[in-house]
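Let me begin by presenting the structure, written as structure tokens, before commenting on it.
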Amino acid sequence: MERLTVMTDKPESAARDYSETLFLPQTEFPMRAGLPQREPQFLQRWNEMKLYERLREVQKGRDRFVLHDGPPYANGNIHIGHALNKILKDLIVRSQGMLGFDSNYVPGWDCHGLPIEWKIEEEYRAKGKNKDEVPIVEFRRECRAFAEKWIDVQREEFKRLGVGGDWSNPYLTMSYDAEAQIAREIIKFAVSDQLYRGSKPVMWSSVEKTALAEAEVEYHEKTSTTIWVKFRITNTLDGDLDGASVVIWTTTPWTIPANRAIAYGENIAYGLYKVTDAAEDNWAKVGDRLVLADKLAEDVFKASRVAGYERVKDVLPVMIERCAHPFRGLEGANGYWDFAVPMLVADYVTDDAGTGFVHTAPGHGADDYNTYVKHRDVFAACGTKEVPHTVSPDSSYFPDVPFFAGERIYDDKGKDAGANEAVIKKLVEVGALIARGRLKHQYPHSWRSKGPLIFRNTPQWFISMDKPLDGKGDTLRQRALNAIEKTEWVPESGENRINGMIANRPDWVVSRQRAWGVPIAVFVKKGTNEILKDEKVNEAIADAFEKEGADAWYADDGSRFLKAGGYDLNDYEKVNDILDVWFDSGCTHAFALEKRPDLQVKRKVDGGPDQVMYLEGSDQHRGWFHSSLLESCGTRGRAPYDIVVTHGFTLDEQGRKMSKSLGNTVAPQSVIKEYGADILRLWTASVDYWDDQRIGPEIIKTTAETYRKLRNTIRWMLGSLAHFRDTDKVEVSAMPELERFVLHRLVELDGEMREAYSTYDYKRVVALLNSFMTTDLSAFYFDIRKDTLYCDPISSVARKSALTVIDQTFRCVATWIAPILAFTAEEAWLERYPNAESVHLETFPKVPSEWRNDALAERWAKVRRVRRVVTGALEIERAQKRIGASLEAAPVVHIADEGLFQAVQGLDMAEICITSAIQVVKGEGAENAFRLEDVKGVAVVPQLAKGRKCARSWKVTPDVGSDPEYPDVTPRDAAALREWDRLKAAAE
């Protein structure tokens, strides 16, 4: 296109400065937020006005929505995962309140457990103090003080995030009333016979010297030593197998001394193989006859460096009755291994790896133990009458284990010690080892010490998953599975995840051999091991805990409790094991939700209107969600929650797990110091929190830029409303069509926002707000109406209509955004309504449904398509410097599409496209006209506006100067000036 020549006259030198006559935005709401400095001022204001208490007053009487806080551990400063979690909870609590519920938040803390014990023990070691010489009550007192210190630190860090709640009255698992209720809860399991003491292999941390729950276990890569071991066949129904050996493969050589059986697969093909060629120094010797799974034989011989072998025949393992332990009959063993090793079928045996046979040590594996239970009679007949105890708490062999006594599996730091090599050396010595290797695999570790775990047979307290309850035949497992079905899971995948865990989990190990926790407050009859179930004794225990805390259990020998029921201490043993901390937190519904009046609800399952939500990270399917479900189902027959929401983990910008070693951690304290908490809150609301989220410097910068755009839109609304009074309001019926379209959008958005908030979809909330504020408002409606707002006469109905709509829009936007940008929304609200208490006491405005006008919306969707083509054409003109501002243009718009052409009829398209004039022509337009690929039937030919430039509004029109009193402005601007001057004169 040829460069166009500007066809306008310069405005005459104006004798008057018109700037004072323009209604430009005026506000003290700053463009630069200064959140790090301003946010603490709002925290102080909320504290002084007792905002949380005011919320309780305002929301009283509504249906109640309780988000029950999953208690964080009272140890250390908060990290970015804590921030995401607490902000999400705050979004829910605030938005549910604004949706019309009584939505309160009582924070809690998990206070007992090993990490705190460790910290106190570290302090002891630094002072040269021996923990074993410290009275247990004194040790527990120091643990309590440690937890209290970190609760205070974390409380302030959570409050700085803008999280509202009853911070002065949180629930604590170590408060006396909580400890008393936890004791009552475990006593309920005891009284109902769900609690029992048994000896089973459990996940054991030799570093921490305690059993671990499933929720305390995480899997990391570990390289283990593997061995292939021969077990000589001693009893067989197939004479060809006499003197042959069954070969097993294991990644835990240290468990060989505890072997008591060999398991095989019923549907696996096995064969007898003979070694025909091997090096003289090879462990597998020429002539060895070995029984192996056919699918794995080649791998076994490769690992054992066998040069030649032949398959002799098919083998049915059922024909092999018994084998001998490799250490059987050894001198110095004192008959320790003089038992038979039975061959047993098991459905967990596969031929995917190993040999097709599984070495079975009932004291060191869940499958192994279950096999023992299932075939207890077979084991007894073979000389194994009970599960053997071979390994002590520090992972060393007990003194009665020949050859290996004192050898440790792991040292105090969780590193491999000498047990594996000692066993391998002995196997080589007796000729039972045919190969060894190394395997890199996922192995269980303690999530606290990070040390590898072992399965170890120990006496523990268990809650049965499958014991029939109440004589009705249902079990804790079935109750829990039924409750899962009745719970709403967000996202839905959470239901399958926890269902699978409950369906397949073993009995719940609830005991720990530590000091800082709630004791399993029961007495056991000496000689019979029966639990004492006396109501008077149990109440005496709970009453003492209410007054003295759980320290009461350790203050004396417990005779005072027994006396309440008339029992003699000499006849009973006081159990001193403490409860798993997951049992503690699993009881929070009992001592928080049920005991606190501000949290009590009449749930929908009881025919009431109220709901209880649990929200935590996805790892809590095996943690708090899990333990709470089991505890509540075991004592109340149902889940403690109605809705469970989960979020993912927080990763760095590259999707890597955060770690100090990688230097990729993001501290919430640092983000707040540089950007403010509202930026963290906006990031939290913007991510798809159901999955893992990413955060880092660039993501934070992008979030801050999004915030800046939202803030500027709010600021512009506030500035425009400085010129608005309630008396200026215009009835909807009298408004121009554009205003009625914006009101229609408010109706649409109101429904979408309520739905998004109701479904906890905050990413959609942010997307809706961002699109509305940047696209519908800033780039469209506000852009069009700036001329009307700045330049129209004060009395202009169009101007008043626009302000009326902006006023309503501000009320909606400020409240819609309040749950997310808690500080910024408050700042904007108080700027608009200086005498208001707080935006957080508001509910989302009720947008009248009669404002909805789908026909109007359809028309304006077409108008906006035409406008996009015009603005696209003008952008090119600006880029080519053929025009400066769009008001210098008067384009010709050719519209061939009948629907689009009819849509723009009767509208001031120059006003809508922000040009000084426009001509709409029906037809295709010239070939070289500007078009957009996605808007068919519209072509634009840019032209320059003709006339003079208005000195006030900068429009270029032929009628500038037609009013002799105001010779350098348009007639519209002249009317505005005349009204302005009259009002100014009257005011003087």
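Just so it is clear, glycine is given a Cβ too, placed from its N, Cα and C backbone atoms.
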Listed range which TrEMBL flags as motif ''KMSKS' region', given the options 367-371, 547-551, 657-661, 807-811: 657-661
Residues flagged as motif ''HIGH' region' in TrEMBL, choosing from 72-82, 347-357, 413-423: 72-82
Collapsed DSSP category at E616 (L-isoleucyl-5'-AMP binding site): strand
Binding-site residues compared (E616, K660) - the one with the fewest other Cβ atoms within 10 Å: K660
For the motif ''KMSKS' region' (657-661), sequence-distant contacts whose Cβ falls under 8 Å of one of its Cβ atoms, 6 or more beyond its ends: 80, 649-651
DSSP-derived helix, strand and coil totals, residue by residue, for the domain 'Methionyl/Valyl/Leucyl/Isoleucyl-tRNA synthetase anticodon-binding' (740-889): 116 helix, 1 strand, 33 coil
Rounded inter-Cα distance in Å - E616 (L-isoleucyl-5'-AMP binding site), K660 (ATP binding site): 24
Structural state census, the motif ''HIGH' region' (72-82) (DSSP three-state): 3 helix, 1 strand, 7 coil
